[in-house]
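These notes are about the structure you will find just below.
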Amino acid sequence: MNYELIFLAAGQGKRMNAEKNKMWLDLVGEPIFIHALRPFLADNRCSKVIVVCQETERKHVRKLMQQLDVAEDRVEVVKGGSERQYSVAAGLECCGLESVVLVHDGARPFVTLDIIDRLLLGVKQNKAAICAVQVKDTVKRVIHDVVKETVDRDNLWQIQTPQAFELHILQKAHRLAKKDQFLGTDEASLVERIPYPVAIVQGSYYNIKLTTPEDMPLAKAILGELGGKVND
């Protein structure tokens, strides 16, 4: 099953305490987002990559794609929005080559082809699928610094990206969100409102999102554990 990829690289460095877009921070010799993009570039089923980035970085991204020998007709670089949801919407405007679209965070550098395989199977069976891992820690609901209850974690999952959808479903979800002025935290939260059932497939505890400075040493350790290869 072929697919198009909306690759989100328009992030900022506020929580990372970085002076530049965290996507460009170095992770063992390469920008974070290049590690996140490589598995898709290595996947022949990925027919088109839409990189959504800041306007000021579009030229740099195009140059980097050339250095990676990515075919010019395989990648499109577009301007992102002020919110993640608006960036995905900008990417959706460039889709239409395939019936399936994946959305991935450029700040998740440890996605694997195994995860992509499971997602494509999930979207084939359910039309909407996201990867996730079950919550390990005890979770408590807290109000005004006081514990109100301990939440049953048996049905709690930490949601990751990529997330996969039939294109028409994600387009419909975005149209409804725009109409209702709803702002979600991920694509699945929009699709759930249609409403449409979203299937879960197994992600990886390695598939972390790099958000704060504490994440960088962990990322280097994960990369070392994986032998510098995250494509397998």
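Each residue, glycine too, has its Cβ placed from N, Cα and C.
Per Swiss-Prot, the feature site 'Transition state stabilizer' maps to ARG15, LYS22; the stated evidence is similarity to another entry. Among the features that Swiss-Prot reports, site 'Positions MEP for the nucleophilic attack' is placed at ARG153, LYS209.
Structure coloured by features recorded in Swiss-Prot.
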| residue | record | DSSP (3 states) |
| --- | --- | --- |
| LYS22 | site 'Transition state stabilizer' | helix |
| ARG153 | site 'Positions MEP for the nucleophilic attack' | helix |
| LYS209 | site 'Positions MEP for the nucleophilic attack' | coil |
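Non-local neighbourhood of ARG153 (site 'Positions MEP for the nucleophilic attack'): GLN134, VAL135, ASP137, THR138, VAL139, each in the same chain, at least six residues away, with C-beta under 8 Å from its C-beta. Most Cβ neighbours within 10 Å, among the recorded sites LYS22, LYS209: LYS22 holds that distinction in the structure as shown. Here LYS209 (site 'Positions MEP for the nucleophilic attack') is positioned 11 angstrom away from LYS22 (site 'Transition state stabilizer'), judged by their C-alpha atoms.
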